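Copied over from TrEMBL:
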| type | residues | note |
| --- | --- | --- |
| TRANSMEM | 7-23 | transmembrane segment |
| TRANSMEM | 29-47 | transmembrane segment |
| TRANSMEM | 54-74 | transmembrane segment |
| TRANSMEM | 80-104 | transmembrane segment |
| TRANSMEM | 116-139 | transmembrane segment |
| TRANSMEM | 176-194 | transmembrane segment |
| TRANSMEM | 200-229 | transmembrane segment |
| DOMAIN | 203-349 | domain 'O-antigen ligase-related' |
| TRANSMEM | 241-259 | transmembrane segment |
| TRANSMEM | 334-356 | transmembrane segment |
| TRANSMEM | 368-387 | transmembrane segment |
Amino acid sequence: MRIKIIIINNMLIFIFLFFLLYSNFISRIIGYNLNALFYLSFLLLLIYSLRKYFLNKIIIFQLFIVLFFAIYIFDTSFDFSANLLTIKDFIVPLLCLGIGMFFTENKLTAINYLNILYLFFIAYGIIQEVCFYTGYFYFLPWDVNYSELCIANGVVNIYQGNLLRFFGMMNSSIEYQVFVSMIPLFLLLNYNVIVNKRIFIINFILSILFLTFSFERSPIIMFLIVLIIWKFKDVLKFKNFIIVCFMVLTIFTFINYNIDFLLNNEYTKYAYQRLINGLFLKYNEDAAILERNNLQWKISKDIATKEFFGIGPGRITPSASEYKGYIGPHNNFLAFYLAYGIVGLILFLIFILFIIMRLSKIKNNFKLFGYGIIVSFFAMAMFNMPFSGKQGIIFYMLLGYLINEPLSQTIVPLSSKSTLKLKESM
């Protein structure tokens, strides 16, 4: 019986991770949408995990928020089909917290499956970059067809030409780059349980190369935020500090040596300037930030001051962008406010606070990593929608994994005889 349970667990984990990473990519190649298979695998794993964690206090509060969000689907002030899309964009990611907790219980399987599946995932991103920069993009006909289809449908914000990713166009809100910034660090956090460490090393190196040549600021800044918060104390050690200084000096030397190319090449000049603006907080000189401040944020704030109970999620959810009346706030906090009102936003923030409180009780390494995840996604949420879609899935899934880690333990003296007892931190 136990062997049967292990086999089922392993199968569900593999299928979910496989379709999470590859459903969009395979759909482009074969011409048929396989996302239904991903959501089916999600549903099976969700049911399996809820049976185990249904009485968990955080899960109970999560289900309350899901119910609150679900009620808004029946808002009659906007198209019902657009409201239904909020299930995919807002509710499914939120429910992945329990799936992350399930992964903690099956750590060896989940981490090693992810390590293996991620190899081709990141390798293909490198292949896309090579084809793009060398001009041989037509070696990837399914990507070209997808690009032309998007252009025909009116998509005009194809960043750096037609360079594509598994989940769509390359821009600051794309899921693929968020995955590339989070998954390698998550694997590094669990390095001790990785069986094939050579594959992990290859994965990590390819991820750094991909982020370097993608020049997209949001995932790069998110990567740095998590790394700094997580490893800040380790960096202060003399040996590590010297290594980090050498790496930073090498990167700056490389950039300085190629500065003319970066500033004048049509593929890199805008991306490089956006990255510099983001790293040095030069938002008053950033065209994208100025446009949002003068248009999307202004409109969203004007509506927010008048609609305290929201205007309905169908107007906000990214998947409903083609519907008449859609509002793209480019700010996830504003989006929750507009979609579900002040109550919905407060519920979300309380939920994150509960997660932070739980993180504070686990061992330091995982705790700091969790803090880094939250800070990086919150920073991105000021400008984009990282709590929705597959970005949201990776956010909640990682946090679910972390909060299910064992509580940290402290040594407490019981008597003057130096008797020690391990006491669970509360």
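Cβ coordinates are placed from backbone N, Cα and C, and glycine is handled just like the others.
Whatever TrEMBL says is automated annotation, not expert-curated.
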Message: Is it the case that the transmembrane segment (200-229) and the transmembrane segment (176-194) touch, counting contact as three or more CB pairs under 8 Å in which the residues of each pair are 6 or more positions apart?
response: yes
Field: Remote residues contacting the transmembrane segment (176-194) - C-beta distance under 8 A, at least 6 residues beyond either end
entry: 21, 107-108, 111-112, 114-115, 118, 121-122, 125, 165-168, 170, 200, 203-204, 207-208, 210-211, 214, 216, 218-220, 222-223, 226-227, 230, 365-366, 369, 373, 380, 386, 390-391, 394, 398, 401
Query: Which stretch, 7-23, 54-74, 334-356, tops the Cβ pairs under 8 Å count with the transmembrane segment (116-139)?
result: 7-23
Field: the transmembrane segment (29-47) vs the transmembrane segment (80-104): 3 or more CB pairs under 8 Å
entry: yes
Field: Same-chain residue ranges lying at least 6 outside the transmembrane segment (54-74) that approach it to Cβ under 8 Å
entry: 80, 83-84, 86-87, 90-91, 94-95, 97-98, 101, 310, 312-313, 339-340, 343-344, 347-348, 350-351, 354-355, 358, 403
